[in-house]
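Notes for the one structure printed next.
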Amino acid sequence: MIRMAFAVACGGVIGTLLRFALATWVSAQWPRHFYLATVAVNLLGCLLIGYLYATFLARPDISPELRGALIIGFLGALTTFSSFSLDALRLLESGQLATAFAYVGGSVLGGLLAAWAGLALARL
């Protein structure tokens, strides 16, 4: 358990630093489009989680610690959108279309509503 926690923490540090670097660079390139930095890290995270998922399926010998460092730590720090996308992809791949669409729609709408609620609470 300690080894896994350390691996996840190490991956998280790297993911955090990459997110900071990418967001800083993208924001400097397109300062009027604040959302592009988030889109960039989310899309990168989705690309990477798809790649890693396929790699881990093909290579079951990859250690749980490395898997945890990359998926939970690195991509978790880079973006949680990648995990959301993988969950939706797995639902689609398993033929659970209604659940996948409910998950995607509910997550997006729920996220927007939660962000709005947080904004409203902060303004009280």
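Backbone N, Cα and C define each Cβ position, glycine as well.
Noted in Swiss-Prot for the protein shown:
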type     : residues     : note
TRANSMEM : 6-26         : transmembrane segment
TRANSMEM : 34-54        : transmembrane segment
TRANSMEM : 69-89        : transmembrane segment
BINDING  : GLY76, THR79 : Na(+) binding site
TRANSMEM : 101-121      : transmembrane segment
Leading contact stretch, 6-26, 69-89, 101-121 vs the transmembrane segment (34-54) - CB distance under 8 Å: 69-89
Same-chain residues near the transmembrane segment (69-89), Cβ under 8 Å, at least 6 residues beyond its ends: 7-16, 18-19, 41-42, 44-46, 48-50, 52-53, 100, 103-104, 107
Cβ neighbour count within 10 Å of THR79 (Na(+) binding site): 22
